[in-house]
Amino acid sequence: MSPTGFTRAAAAPPPTLSRHAADTARLAAPLAIAQLSQMAMSVTDTVLLGSLGPDALAAGGLGANLFFVVVTLLQGVLTSVSVSVAHARGAMAEDRVPHIYWTGFALSLLLAVPAFALLSFAQPLLLAFGEPAALARNVGEYAAVLRFAAPGSLIGVGLMRSFLPAIGAAKRLLWVSLAGVGVNAFLNYGLIHGAFGLPRLGFLGSATATTITIWLTAITLVALLHGRSTFRHFVAATRPRLPLMGELFGIGWPVAITYGVESTLFLATGLTVGVLGESSLAAHQIALNVASVAFMVPLAIGQAANVRVGYWAGAGAPVAARHAGFVALGLGVAFMSLSGLVLIVAPHAIVGLYLKLDDPANARTVVLATSLLGIAAVFQIVDGMQTVGSGCLRGLKDTRVPMLAATLGYWGIGFPTGYWFAFHAGLGARGLWWGLAAGLASVAMLMTWRFHRKSAALGVRADARGQA
């Protein structure tokens with residue numbers, strides 16, 4: 001998408017459904033690859049930490065998970081930047097964009113303060129939860145390094161992933177993210193093992209490498225944004241505005257809560273599966289990992305829908321906003337249906353990427369993982385639907401009711417249903433996954449219904465203004 005593509009569209013007739021689909025896919029593709037690149041960095045860290053032994057892997061893995069949970073929740077607040085920019089551009093008020101950018105920049109730095117504080121107290125927090133003292137100490141040391149990456153993550157991932165797509169610069173995220181995978185792998189190996197002339201830091205080398213990579217990513221994205229004449233007018237120097245910061249926070253904090261509600265659902269499900277034994281937990285991790293990779297695509301489509309629905313809503317074109325949302329929902333469901341078909345057709349091949357299928361010791365895990373992938377085929381469709389629906393509603397600046405819907409669906413329906421199926425109906429891990437599917441399906445239906453109602457009401461209000 002060209003940087004001026006939205007502006008040209010504002011003066012033209014509303015796009016056809018096929019044009020909506022093409023524009024959404026064009027915007028979502030680099031976002032999906034950027035998110036997959038972030039997953040690749042995590043996999044690299046895990047593999048290289050594993051070379052140091054189980055203790056390093058456990059401490060580094062838990063420390064990294066703690067970091068990413070904290071910053072991901074806070075990044076949810078910054079999703080308000082993209083919809084605010086999209087609305088401003090749709091309304092042909094691009095002079096407001098620099099104010100949104102610099103206010104969002106200041107907000108990202110403020111959000112880094114609680115992230116830094118939480119990560120500073122990782123060791124006492126883990127001790128309070130009864131973790132072994134040695135593990136808590138190692139995780140505390142790992143998090144103490146990663147805490148310095150919090151501002152860079154909130155700027156380079158939180159702010160830039162919201163701002164760049166909204167001004168038509170999503171491809172910058174793509175190339176910088178891909179480069180970050182290589183830089184992270186090089187620094188991880190070098191700092192863990194003392195290779196390439198770098199100091200040998202052991203498992204803390206991984207935290208140091210991740211911190212450096214995150215900051216390099218943030219600095220590069222900011223430099224590309226400010227250095228290109230095409231985008232410079234979007235970031236013209238101006239002071240952050242406190243009322244605008246309150247508006248951005250008001251839109252964004254329910255998104256952060258929604259992220260937290262969903263994250264805790266999957267965390268609680270994993271802990272509950274662990275009660276069923278190691279084979280069940282291993283099968284659960286395999287199925288969840290596969291589903292997480294596929295989820296990156298509808299997540300990106302949801303981010304694209306956020307921008308496109310917001311743009312057309314800001315332009316005062318409610319029909320185009322409605323079409324943009326439902327086309328995005330269709331794309332998300334279509335992709336996840338194809339992905340689910342792969343899980344149904346080739347589950348053994350997928351499980352074989354994680355385990356040796358001919359090893360008798362893996363037999364129970366293979367059977368259960370194959371079964372869970374079948375459930376994941378259904379789970380994925382509604383998961384994609386709910387995340388795209390959430391993005392559509394963010395485009396209308398509607399975040400508080402979706403937060404309540406997610407809380408109800410995940411914790412009022414999903415987890416209780418899964419628990420009952422697992423322990424009262426005797427389905428074990430499969431029951432918990434059916435519970436996840438039920439919770440996600442309820443949220444998907446609520447999000448879709450809410451978008452239908454909100455977008456229809458937007459059209460009614462526009463018609464009333466036109467008649468007046």
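Heads up, residue numbers simply count up from 1 along the chain you see.
Just so you know, glycine gets a Cβ as well, placed from its N, Cα and C.
The annotation transmembrane segment is assigned in Swiss-Prot to 57-79, 100-122, 142-164, 173-195, 205-227, 248-270, 280-302, 323-345, 360-382, 401-423, 433-452.
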Given a Cβ distance threshold of under 8 angstroms, which distant residues of the chain, six or more beyond its ends, lie next to the transmembrane segment (401-423)?
254-255, 257-258, 261-262, 265, 268-269, 272, 276, 386, 390, 393-394, 429-436, 438-440, 442-443, 446-447, 450
Six or more residues beyond either end and a Cβ under 8 Å away: which residues meet both conditions relative to the transmembrane segment (173-195)?
29-31, 33-34, 37-38, 40-41, 44-45, 48-49, 51-52, 160-161, 164-165, 201-203, 205-206, 208-210, 212-213, 216-217, 220-221, 224
Check the transmembrane segment (142-164) against each of 57-79, 205-227, 280-302, 433-452 and return whichever range has the most CB pairs under 8 Å.
205-227
Same-chain residue ranges lying at least 6 outside the transmembrane segment (433-452) that approach it to Cβ under 8 Å:
265-266, 269, 284, 287, 325-326, 329, 372, 375-376, 378-379, 382-383, 385-386, 389-390, 392-393, 396, 398, 401-402, 405-406, 408-411, 413-422, 427
Six or more residues out from either end of the transmembrane segment (280-302), which same-chain residues have a Cβ under 8 Å from its Cβ atoms?
24-25, 28-29, 31-32, 35-36, 39, 266, 269-270, 273-274, 328, 331-332, 335-336, 339, 343, 350-351, 354-355, 365, 368-369, 371-373, 375-376, 379-380, 383-385, 387-392, 428-429, 432-433
